[in-house]
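Undergrad: Got a structure for you, written out below as structure tokens; questions coming shortly.
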């Protein structure tokens, strides 16, 4: 049975056609499934899992991967035997590929990535829930998610990661709302931005969550306390280029679960770089892990 590959043609519009043709020529030949826009990858992944495939490949950026993760997680949670869980593989061809970088996959070298998939070295990593939605690499509450919410898809396709910087300069013009972070067995903390990592990487090659391990059953959480627009912008820019500094006004936690709320109104959260929903939101471990192809 050929390995199914879910392809998102819009993941990188300027190179989509050439990338699809490269995927078609891979050997052994994959079984290609083209998506039809937002939600399309999830629909295809769910169908492939129902049809009995034990490995599904997502060819796209982090948004495509997140759709496939959610579809496979919903399928796997209904199975009594974890040995029957459908595994996830990735061919990174999208705008942002943070999760594939975390797994040590060979960048955008499709041939090397496909060879890795066919060798079939599987591992298991922690899977997380946020108000019933799943994520596998990162999440954020506050202005980080506001930037994701207000960055149009067309801008992401045209400018790639630069689109988020452009949106940040527009969004960060007023004081950030105050978030309450409720932790098991301790008083709440307060901050303007909450960044959450299952792995070390957040938005690029710099390891933001230095102590993260995606098999330890813990989320690594950065809580930035200051609320001024310029201070938040400088903090986010610093993370992108050098990670956080010990001089930053923040807390770094490792916790199995926590809740975020905001008395100032509903604040968005994002999961794997895609808009999730709005606060209040509870982050907790899924009752099973995700099987993935490792680098």
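Heads up, residue numbers simply count up from 1 along the chain you see.
Placement of Cβ uses the backbone N, Cα and C atoms for every residue, glycine included.
Copying in the features that TrEMBL gives for the protein in this structure:
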type	residues	note
DOMAIN	1-134	domain 'DAGKc'
Undergrad: So what's the mean pLDDT when you look at the domain 'DAGKc' (1-134)?
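TA: Here the predicted model's pLDDT, averaged over the domain 'DAGKc' (1-134), is 89.
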Undergrad: Using DSSP, how many residues of the domain 'DAGKc' (1-134) fall into helix, strand and coil, respectively?
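TA: Its residues divide into 53 helix, 29 strand, 52 coil.
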